[in-house]
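Annotated features, as they stand in Swiss-Prot:
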TOPO_DOM  21-233  topological domain 'Extracellular'
CARBOHYD  52  N-linked glycosylation site
CARBOHYD  165  N-linked glycosylation site
TRANSMEM  234-254  transmembrane segment
TRANSMEM  264-284  transmembrane segment
TRANSMEM  298-318  transmembrane segment
COMPBIAS  358-367  compositional bias 'Low complexity'
COMPBIAS  413-422  compositional bias 'Basic residues'
TRANSMEM  529-549  transmembrane segment
């Protein structure tokens, strides 16, 4: 072990001597090479020959892609190789020294620049050292952050792909003085750092020889095309999916009840939300003629929502047209109320979907009810004569059972011949204020069967029914006679005419309510129809827009 220590020390001393000797030779070599050398002239022995420069680009990172300003910021490693005829030596004269590294500012360098540069700073690559070999070959590796102009096509945003060019060439030397060659057929991507927004699918290179108008000599250049594909997941979840969900709210506006008063508000709110998303996309896109795919989707959705809001206003106008409007046309009754209501499952509350009846039949029955010339002793028998067996509605039956009117005791009446009377509305002008004369003396008459039932009224207007019953009770006594016997002389004709007039008013009110209900049902069926139409439109539009993505 002790014998090995002197050997190691001797070897270390030899290495130090060798390094110091090599350092002395390198210093001597640099002094000899730079003694009569000038870096201002093109280093060729024959000035008529072109100097060949080999260019190789390594793409390290895509730092940013500014679509609005159309600028690509990339981090590159640029390698240039050429031969200097004045920087050669015999390696045997310098202890076998083959390679030295010297500052690049000491030697001649080709003036290769990025033609499509978009940076305000015109500085080139860093002044790193060059590698000089004994045969005159110089290799210069320099990093550079480039800002190049790139024509951005956003027609398929966010599913777009871009092609950005990096064109390198000599700024002052033409092709007869400096010829540029490609070191590889494409850029080197072996050290590429993945970008979170863009995928790089390649970097092919092409050589071009261009004759410019200013000069008659050819100028060669090398163009590297960076193939970029956008990662669309971010935009799908932050721009496309919210728009897709919001667009499905537009058809639901037709499902809202018209009486809620929120149908138009929903459409306007959805329209404003899409406008905000549209402005966000417009701010990030360049102001060009090409409209991005997501912009087309927004515009189509906004157009659909505008149309749905306009249709909602139209349908609400139908819903609230009221009884003063014209009756529903026959074709609308047949097409909308009879057929479309069954297709779109539009039924009234409490109506059996299996045995749905049209409201037009009930309205026709009401009109017959008001035009019948034969009146029975009470309202119940009158309705049976007009095709309404069992009473007018369930509410009237419940009213009779819950509030039975007591029978007033009186002498038993024998059946006598009855007289039926009927008047029209044209006779109401002939009714004088003396039509109630003589009735006060008959307040103690026995009550008939008609007093067991409340007068008919519109089932949709309970307040009107109560008021009408009160008016009848105050005017004619404890009940309204529907018919009279021949034992009431002097009162029967006037009383019957007044009762007929009141009954006609109630019938007319029922017909008016039925007409308004028909318009409401038409509006409800149209709401359901447009709801399904717009649901289908939203779905198909989304499929078509996404299907256009490359």
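Every residue, even glycine, has its Cβ placed from backbone N, Cα and C.
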Residue 165 (N-linked glycosylation site) and residue 52 (N-linked glycosylation site), distance between Cα atoms, whole Å: 23
Considering the transmembrane segment (529-549), which listed stretch of 234-254, 264-284, 298-318 counts the most C-beta pairs under 8 Å: 234-254
Residue 165 (N-linked glycosylation site) in three-state DSSP notation: strand
